[in-house]
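Features of the protein shown, as given by Swiss-Prot:
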{"type": "BINDING", "residues": "His126, Cys167, His177, Met182", "note": "Cu cation 1 binding site"}
{"type": "DOMAIN", "residues": "93-189", "note": "domain 'Plastocyanin-like 1'"}
{"type": "DOMAIN", "residues": "254-355", "note": "domain 'Plastocyanin-like 2'"}
{"type": "SIGNAL", "residues": "1-31", "note": "signal peptide"}
Amino acid sequence: MFTRRAALVGAAALASAPLVIRTAGAEEAPAQLASAAPVDLSNLPRVKHTLVPPPFAHAHEQVAASGPVINEFEMRIIEKEVQLDEDAYLQAMTFDGSIPGPLMIVHEGDYVELTLINPPENTMPHNIDFHAATGALGGGGLTLINPGEKVVLRFKATRAGAFVYHCAPGGPMIPWHVVSGMAGCIMVLPRDGLKDHEGKPVRYDTVYYIGESDHYIPKDEDGTYMRFSDPSEGYEDMVAVMDTLIPSHIVFNGAVGALTGEGALKAKVGDNVLFVHSQPNRDSRPHLIGGHGDLVWETGKFHNAPERDLETWFIRGGSAGAALYKFLQPGVYAYVNHNLIEAVHKGATAHVLVEGEWDNDLMEQVVAPVGLTG
């Protein structure tokens, strides 16, 4: 039984020596695999992708240029300290060093082949659970690796949509690893590309990936956020905050202000921008202040017709959604979680800087502010 005590003992032991921790799913999976018929994919082309940090996406085609391919990805698990806010730090566990992990993009019917690396300097076992995958706990049962190990997982992308992936090493480790930064998104495009509500093809000029995450940083007796030297040192204090279900921070892309100022997203009038938004743990309500969702796949699944002209859409905890908007006016747009307390007080805000010419037909200041006259 994977108890909290076992988790703490394991975390402490890993600080000095590798410890093999396997879930029940991981133990059962190899036996099941041994009896499975082999699959020959040697005739399929291989495409190697270089992942990039969010909010950006790696090079990809919106419409598949050929039949199915094997998409090769590599991700390193990086444990490191990150700064959430001016006075708050997190001993983060990450995919490829970013919160969220990179956006992966393939086409329906393709294969995803991931090499997952847990470097020897890490202190924890990790794995990956793809919500887009079928079987073995989304791959979690086949990918649990200790520091100094790597594993290669291949799965077929059988469903089109945006899907969360996250670390799920078992028991109380699962939520702790997720709120410590270990989540991301994979987008599986239909082979013939996205379609609008009438089934007509649509394209985007830019895709931005916004990964929303909730964090639980404990405070000391003086009300100061605590800072730890490694993940396991802060485990017990962090879990105490997690159990309140009240986050200390709710942020986009790993930190308060990560997507504002120098990190603000950019577009031009006339650009069609696809916003992919994931939240592995809590519900969210994205809203583009000054704009709309022209086409919104609220559940993120592209074979369902998109909704149109939404002001605010809903992202269920543990899922990803997508919204397409054509910018019609220049200026600064705020993309927020429209629980405005979470946007303003917790940090769930991004900015989009749009260049272009103003259209007075859409909006005009008829009279500038003037003093009232008696």
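Here the Cβ of each residue, glycine as well, is placed from N, Cα and C on the backbone.
Excluding His126, Cys167, His177, Met182 themselves, the residues of that chain whose CB lies within 8 A of the CB mean position for the Cu cation 1 site are, in sequence, Ile77, Met93, Phe95, Met124, Asn127, Ile128, His166, Ala168, Pro169, Met173, Val178, Ser180. Using a 10 Å radius centred on the Cβ of His177 (Cu cation 1 binding site) and all shown protein chains, the other Cβ atoms total 23. Take the CB of Met182 (Cu cation 1 binding site) and look out to 10 A: across all protein chains shown you find 30 other CB atoms. Secondary structure at His177 (Cu cation 1 binding site), as computed by DSSP, is helix. Break the domain 'Plastocyanin-like 2' (254-355) down by DSSP state and the numbers are 10 helix, 50 strand, 42 coil.
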